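Comments concern the structure below.
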Amino acid sequence: MDEEARAAGCSPAPPRAPAASCGAAAELCLCSPTGVEGIEQVPGCPCFEDAGAVVVSGEAPEGPGVLCSEDGAELKLAEQGALDVRLGSPAVGIHEQQLLHRGTSGSDEAGAINEISPVEVSPSEASSNLDTAGAIGGSPLMLESLPETSDTRGCEQEVMPGVVVGSSNRDASSEVGVESERGSDADGRNGLGEGELVSSVDGGGAEKSSKVTGVLSEEGVDGMETALEPCVASVGSITQVEEGVDRMETSLDDSEASDGSTTQDFDTDVETESSGSSIEEQDMGYGVHIPHTEQAICEVARGNKSSEVKSSDRMSSVTLPTLILASGAAMLPHPSKVLTGGEDAYFIACDGWFGVADGVGQWSFEGINAGLYARELMDGCKKAVMESQGAPEMRTEEVLAKAADEARSPGSSTVLVAHFDGQVLHACNIGDSGFLVIRNGEIYQKSKPMTYGFNFPLQIEKGDDPFKLVQKYTIDLQEGDAIVTATDGLFDNVYEEEIAAVISKSLEAGLKPSEIAEFLVARAKEVGRSATCRSPFSDAALAVGYLGYSGGKLDDVTVVVSVVRKSEV
């Protein structure tokens with residue numbers, strides 16, 4: 001599909017001058033779910049300076065692929081906690097690899113909005129680029145004193161697709177034994193409507209097939225021209241049919257879309273069986289910023305598909321393994337934007353849907369809340385998914401288009417929306433928010449930033465047609481893969497190789513996705529505050545002629561971490 005990119009937003013302003021030097025080596029502090037009453041500052045930790053204390057707690061769904069109940073249960077708030085993870089030796093040295101020219105959101109750069117000529121982006125330029133951003137200089141990233149993993153309060157859906165479902169079909173002249181298989185195909189992906197069965201009757205003669213109200217049946221005919229003899233005589237024995245029950249026990253932690261306001265800590269927990277739901281809010285009332293986190297275990301019905309093996313007198317099922325997606329998120333606004341909630345937003349919804357958005361900061365010069373449009377996009381995406389009960393037939397760009405159509409606030413934003421269907425990750429992207437797929441400790445796939453130039457990303461603005469802007473991805477995933485989805489606040493400050501190393505070591509240590517997201521958010525903030533650390537943003541600035549620029553780029557940071565796991569059924 002030809003993609004068009006049109007200019008929206010403002011021309012980039014020169015990057016800011018280096019700030020006062022901070023220590024090159026600093027301890028990185030994180031939060032873990034150990035219940036605390038407030039925020040404890042750690043001496044010597046740059047991450048807790050000013051109003052950006054990194055205490056994140058909570059668990060809620062990402063994740064990409066939360067299996068929701070039939071009625072889309074609401075969420076229930078739970079307890080908060082804190083995690084302390086220390087960085088033994090932060091990477092502050094000079095790496096020797098080729099510089100990566102990255103596009104970044106101009107949300108923090110001063111300047112007025114200028115008229116920009118349209119720039120065409122060819123499909124080849126919009127393709128995935130697997131080049132890395134460079135190695136980490138200095139001491140390697142080390143994780144020390146990693147906390148013990150707490151029990152995940154997620155839900156796991158136990159699906160029994162291969163169980164024989166049945167009842168005996170009777171008519172006036174015959175009583176037959178029927179073997180039926182329910183394929184858990186409520187969304188119609190396997191060609192059957194909800195409630196449809198595949199039935200077979202074993203007889204001793206010719207077979208004929210007929211389709212009756214969604215039921216495919218094979219009737220045994222014993223040479224009779226007018227009617228069947230009683231089936232007890234023609235079949236010989238009646239196969240007992242057992243009815244299988246798809247049992248779903250789901251626990252979702254805070255699948256609410258982030259509204260961008262992170263001055264309070266929200267923790268939700270809902271246990272859903274059938275159609276029950278409950279909501280309980282806890283306002284912790286902290287006077288300082290607490291990043292918003294979500295933790296979720298999302299199970300997608302991949303194991304509902306089965307292959308059939310037929311013989312003369314039986315039909316058995318071979319069930320594929322079910323994959324689940326455990327996801328967690330953390331968000332930290334720019335220190336100067338804490339009161340307004342920052343300009344980032346994200347959502348994690350049912351059935352493997354999630355996304356991030358980054359409002360363009362230049363709108364604030366016109367008196368417009370730059371984060372409001374981004375939050376409306378994420379809220380609209382979640383609403384579209386929930387109203388369609390997981391949107392099994394909807395594409396990611398369709399969900400985004402529906403959200404963009406319903407947004408009412410002026411503004412523009414970068415945005416990424418993704419969906420995991422149990423086997424394939426589908427994603428659409430506009431701008432320099434992006435994702436990394438990490439497999440076996442290495443970057444397997446990644447999105448490519450869509451920019452007009454340095455620090456000038458492509459954006460979607462109110463009234464734009466997303467179908468003309470999006471870059472689409474489809475990636476097969478397997479057990480053990482990790483997906484890191486984030487705004488440019490992460491990718492401008494943390495090298496991709498370092499992100500992959502954090503993911504690998506954290507998973508080995510048994511950390512939950514939300515704890516990994518907290519670590520990455522805190523690391524991005526640490527580099528962003530530094531005037532001396534080398535960063536992907538400083539590399540890109542030097543590459544386009546901003547000589548002498550060093551340090552990171554302090555910005556809003558939002559991270560969603562998802563891990564593909566096999567269901568323990």
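Backbone N, Cα and C atoms are what each Cβ position is placed from, and that goes for glycine too.
Just so you know, the Cβ of ASP488 (Mn(2+) 2 binding site) picks up 33 other Cβ atoms within 10 Å once every protein chain is counted. Annotated Mn(2+) 2 binding site per Swiss-Prot: ASP358, ASP488, ASP555, in sequence order, evidence recorded as similarity to another entry.
The annotation Mn(2+) 1 binding site is assigned in Swiss-Prot to ASP358, GLY359. GLY359 (Mn(2+) 1 binding site) falls within a strand when secondary structure is assigned with DSSP. Around the Cβ of GLY359 (Mn(2+) 1 binding site), the number of neighbouring Cβ atoms within 10 Å comes to 33.
Annotated compositional bias 'Basic and acidic residues' per Swiss-Prot: 179-188, in sequence order.
Sequence annotations record features per position, and here Swiss-Prot assigns domain 'PPM-type phosphatase' to 329-564.
Per Swiss-Prot, the feature region 'Disordered' maps to 120-214 (among others).
Positions annotated as region 'Disordered' by Swiss-Prot: 251-279 (among others).
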Which Cβ among the binding-site residues (ASP358, ASP555) has the fewest C-beta neighbours inside 10 Å? ASP555
Pairwise Cα distance for GLY359 (Mn(2+) 1 binding site)/ASP555 (Mn(2+) 2 binding site) [Å, integer]: 11
Can you tell me the three-state DSSP label for ASP555 (Mn(2+) 2 binding site)? coil
